[in-house]
Each structure stands twice: as C-alpha cells, then as structure tokens.
C-alpha cells in the first residue's frame, strides 16, 4: 500500500550547500565579478568623475570645474534639440515596434501553414548589421536616385526627400528602427502566445466570446502581460540608444534636425575633444534611461497578470 508520508531528505543532501567551501564559491564568482567591474562599473565611475572636469582630449592636466558642464547643458541649444529629438524618436519607435511586432505575431500564429517561414522572413532584419541596413535605406529613400522617389516620379507624384526634410527626418529614422525591431518583438510575442493554454479559449467560447477580437482582448492580451512588459522596456532602451543610423544616414542633418543624445555626445567628445562636456551628456543620457526603465517597469508591473 503506497504511503503518503513524505520522505525526509538525506543529511547528505541537506548539507550539500553548506559543504561547499567559501573560498571555492568566491573563486567561481570572482572572474565574472571582476569582468563586470572592469567593463561596466569602472568605466561609468570614470565617466561620472570626468563630467566634473574641463578635460579636453590631449590635455596634460585635468581641471576640476564642479557642475559647470551640467549648467552649460541647460543653456545649450544643440543639447536641448538633441534631447527633444531623442524623446520624439522614442515616442515613435517604442509603440510602433511593439504594436507591429504583436500584430505580426498574432497574424502568423493564426496561420495553418507556413508559420516558420513567415517568422524567419520577418526576423531577417534583426540579423543584419545596423550599418549595412542604414546604407540600404539611405539608398532606397534617397531624394534623387532612390528607387522610392523614382517610383513616385514615374507615377507623376512629387518627390519625397525623407532625409533632407527637417520635418520628416526623425520619422524616417524611426521607421527604419521600427522595421528592424518588429521582427525581434514578433519572436518574443510568438513565444508568449504558445504559453497561453488552449483550454482558456475553449472556456471563453463557452462564456459567449465567439469573436477573435473578444478572445484576444480578454484572454490573450492579459496573459501576455509579462512578455509585453519586457518588450516595451527593451524596445524603449533600444530606441534611446539610437546612434548608428544617424551617424551613417544623416550625420545629424539637415541643419541639426536629426541630432540625438548619443550622436551629439560623440561629436562633443571625438570631434570637438571636449571630453568633460561629453561625459556630462552621457551621464544625463544614462540617468534618463534608468528613470524611464524603472518607471515603465513599475507602471506596467501593476497591470501584469502572472
């Protein structure tokens, strides 16, 4: 007759964790901890310290200027414009890439055949290098020789110089990043969809939810909460880090209309050699990213169903 009495763990298993010597644990953790200190913590600490100096690349001495670099940023029109462009870019890329990725995941999940093929096709942009992708888009949307504008000319429509128009350049850059991020977000949402039990859809149908829209809004979307939170946070951080497409396609133009925080910081440090000011810009950038990530995570976590 089977017994319901739980069998206690053997003393050997209970003492397994305690039997591991402390020096061995420290030795196993030390390489990873040292790597994090050398590649993450130490550079950030040096950058923060440099932001309080007037150091210029090549100087033999370092002058301590306290908060002067930060006060100058408040009155710097270029920095304020770059900050605004970055926020505008993030406001376009984050919802665009999240919604498009979710739409593609749901659309492909509803197919009976070819799911793997379509997922592969939409994921391909993620595997491309950013510089190569930017060069291709720069050619496609070129104001004079780009295939897109040649097609418009053939149809008798006015030419649309996306990267030469101050009102369109940020939207054009955002569209490129949405296109590249949507495939990655689609894969994440597809993984989340596979974790939704079919029994819940059957129960929803019994409760009268016949349309796919009702089942998606009341069953699928709430259960995608953890995935949605992760996708929104990672997409926001990726959007904030925009640099390559600006550096390759527009270089901040036309007339500073596409300046963003990282590109402006790069120019400040490696074109004008004002390393102290560039460090201050980077500290502000990291602080903004950290605040956004924490606020987003806390707000979304309240609405997530685990």
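Heads up, the Cβ atoms here are built off N, Cα and C, so glycines get one too.
Per TrEMBL, these features apply:
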- 83-296: domain 'ABC transmembrane type-1' (DOMAIN)
- 24-50: transmembrane segment (TRANSMEM)
- 87-108: transmembrane segment (TRANSMEM)
- 120-140: transmembrane segment (TRANSMEM)
- 168-196: transmembrane segment (TRANSMEM)
- 216-240: transmembrane segment (TRANSMEM)
- 272-295: transmembrane segment (TRANSMEM)
Region pair the transmembrane segment (87-108) / the transmembrane segment (272-295), three or more CB pairs under 8 Å: no
Contact check, the transmembrane segment (24-50) vs the transmembrane segment (168-196), 3+ Cβ pairs under 8 Å, seq sep 6+: no
